[in-house]
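Now, the feature entries from TrEMBL:
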type    : residues : note
BINDING : 19, 82   : substrate binding site
Ligand SMILES: O=c1[nH]c(=O)n([C@H]2C[C@H](O)[C@@H](COP(=O)(O)O)O2)cc1CO
C-alpha cells in the first residue's frame with residue numbers, strides 16, 4: 001500500500017515530531033511516499049527545489065497513492081490543497097487533529113467528513129495506532 005502523508009511545512013513546523021512518529025507507525029502498513037514531511041531538516045532539504053518541482057512531484061505521488069493521511073492541527077495551505085485534490089480524485093482520506101483552544105479546524109475540512117471516504121477525526125497520539133488499524137486494514 002502506498003500512503004501519502006500530509007503535514008504542515010510552510011504553515012509552521014511545530015508539530016514535526018508528531019508527524020515523524022505518525023509516519024513511523026504508518027510505515028508498518030505500507031510505503032509512505034512523503035516521509036520528508038516528518039524530517040527535522042525538510043525546509044533545508046527542499047530549499048534548492050523549485051516550487052514547480054515540489055508541486056509536480058507531490059501531485060504525482062498523490063496520484064500514485066492508495067490512501068491519504070493528513071495531520072491537520074497546524075493550518076497549512078499546501079495540506080488543504082492536497083486534500084482538495086485527493087477528494088476530487090475520490091481517494092480514501094483520513095484527517096487527524098488535536099483540538100486546542102488556539103487552533104480552529106477549517107469548516108472546509110471538518111465539513112468534508114462523510115464517514116466513508118473522507119474521515120475527519122479528533123485524536124490523541126495514544127489513539128493513533130488503533131485509528132490507523134481501523135482505517136487501513
Ligand atoms: O517543501 C515542501 N515540500 C512538500 O512536499 N510540501 C507539501 C507536503 C506537505 O504535505 C504540504 C505542506 O504545505 P505547506 O508548505 O503549505 O505547509 O506540501 C510543501 C513544501 C513547502 O511548501
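Backbone N, Cα and C atoms are what each Cβ position is placed from, and that goes for glycine too.
Note: TrEMBL annotation is automatic and uncurated.
For residue 82 (substrate binding site), the same-chain residues lying six or more positions away in sequence with a CB closer than 8 A to its CB are 4, 6, 58, 62, 68, 70. Here residue 19 (substrate binding site) comes close to 5, 7, 37, 38, 71: these same-chain residues lie at least six apart in sequence, with C-beta atoms under 8 angstroms from its C-beta.
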